[in-house]
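Here is the structure we will look at.
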Amino acid sequence: MYKLICKDGNAKRGEFTTVHGKIQTPVFMNVGTAAAIKGAVSTMDLQEIGTQVELSNTYHLHVRPGDEVVKKLGGLHKFMVWDKPILTDSGGFQVFSLAGLRKIKEEGVYFNSHIDGKKIFMGPEESMRIQSNLASTIAMAFDECPPHPATREYMEDSVARTTRWLLRCKNEMNRLNTLEDTINKHQMLFGINQGGTYTDIRVEHAKRISELDLDGYALGGLAVGESHSEMYRIIEETVPYLPEAKPTYLMGVGTPANILEAVERGVDFFDCVYPARNGRHGHAYTNHGKMNLLNAKYELDDRPIEEGCGCPVCKNYSRGYIRHLLKAKEMLGLRFLVTHNLYFYNKMMEEIREAIENQNFASYKKKKLEGFAAEQGN
């Protein structure tokens with residue numbers, strides 16, 4: 001259940017109660033595709049850096065180790081030793097990104113595994129069953145992820161199919177939550193709004209799915225090639241047609257600046273691979289933009305990544321040492337950067353929540369964006 005605590009303009013400060021605890025929103029979910037954060041960051045580390053929600057991938061876990069294996073081992077929470085909320089995506093994005101390897105039918109999608117080429121079928125019911133086996137806190141509906149750009153005709157057909165699939169997801173989720181051997185009988189379902197950059201299609205779809213009284217709603221199919229200004233326009237024009245009394249989730253977005261802009265437009269939930277991916281490439285997020293620790297100027301630098309940062313890495317290690325680890329191709333260097341970056345995102349969300357409560361989000365956002373723009377020679 002979602003409780004709106006307060007608003008500052010369109011920015012919402014809320015609390016989402018789940019069977020695995022309360023989520024303070026706006027929130028950034030830390031992406032652990034195969035039930036682990038890439039970069040050797042454990043769930044113990046996630047607890048220490050203030051992670052509220054972990055996100056795992058249905059498609060990847062279905063292919064390996066298999067959702068039945070995870071179920072036999074007690075579900076994702078027990079499997080990865082994490083007692084806070086977990087959101088699983090539906091697998092749709094991954095399936096539809098296998099463009100040459102898949103075939104869309106009304107019942108679902110036929111595709112080949114990226115691991116061994118084995119033929120797999122996934123439709124709304126299959127996605128719900130897999131996510132039920134994983135026993136995540138929040139399951140995402142199985143939707144078609146249309147290509148960008150797409151013709152209006154294609155988009156209308158695709159969105160209509162996504163709506164039909166959503167109804168099937170809801171019915172199957174309701175059924176699964178009543179079964180005796182279901183691990184999480186309180187699994188929640190979020191629907192996904194699609195429509196590309198066609199505002200009228202997005203708005204009509206938002207109105208339609210809002211009638212279904214789901215636990216939350218996501219904006220899908222963004223950050224797939226459209227400009228940032230187009231993405232912000234779509235968020236601004238679509239969010240008012242989604243229920244304010246439910247959380248809104250912007251899937252796969254994004255940079256710290258993207259998050260600030262989306263919060264201002266009423267978004268509650270975010271996820272993105274950037275903090276971990278950039279960390280694995282030697283980049284650290286700071287309040288003054290991204291820093292490339294591979295840069296030679298940090299060789300003799302005994303300062304932390306960011307002065308005043310409360311993460312366990314900045315409290316203990318220097319830029320010079322981290323640079324050495326990266327140059328020596330030591331896994332520890334990547335782990336340090338991923339840990340710092342996730343902490344940076346989690347801390348920023350904490351500051352955003354505080355700014356909304358104090359009714360000064362606009363000035364907080366302005367100051368933050370000015371800091372990011374000051375990135376020079378990092």
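From the backbone N, Cα and C atoms, a Cβ is placed for every residue, glycine too.
Sequence annotations record features per position, and here Swiss-Prot assigns active site, proton acceptor to Asp89 based on sequence analysis. Feature annotation from Swiss-Prot assigns active site, nucleophile to Asp271; the stated evidence is sequence analysis. Annotated substrate binding site per Swiss-Prot: Asp89, Ser90, Gly91, Gly92, Phe93, Asp143, Gln194, Gly221, in sequence order, evidence recorded as sequence analysis. What Swiss-Prot lists as Zn(2+) binding site is Cys309, Cys311, Cys314, His340, and the listing cites sequence analysis. Here Swiss-Prot flags 252-258, 276-280 as region 'RNA binding'.
Each residue in Pro304, Ile305, Glu306, Gly310, Pro312, Val313, Lys315, Thr339, Tyr343, Phe344 lies on the same chain as Cys309, Cys311, Cys314, His340 and has a C-beta within 8 Å of the C-beta centroid of that Zn(2+) site, without being one of the site residues. Long-range Cβ contacts of the region 'RNA binding' (276-280) within its own chain (Cβ-Cβ under 8 Å, at least 6 residues beyond either end) map to 30-31, 37-39, 41, 290, 334, 337-342.
Each residue contributes its Cα atom, and for His340 (Zn(2+) binding site) and Asp271 (active site, nucleophile) those atoms are 16 Å apart. Max Cα-Cα distance over the annotated substrate binders (Asp89, Ser90, Gly91, Gly92, Phe93, Asp143, Gln194, Gly221) is 16 Å. Cβ atoms within 8 Å of the centroid of the Cβ atoms of Asp89, Ser90, Gly91, Gly92, Phe93, Asp143, Gln194, Gly221 (the substrate site) belong to the same-chain residues Phe96, Met140, Ala141, Phe142, Glu144, Cys145, Ile192, Gly220, Met251, site residues excluded. With respect to Phe93 (substrate binding site), the closest of these recorded positions in Cα terms is Asp271, chosen from Asp271, Cys309, Cys314.
For the recorded site, Cys314 (Zn(2+) binding site), the DSSP three-state label reads helix.
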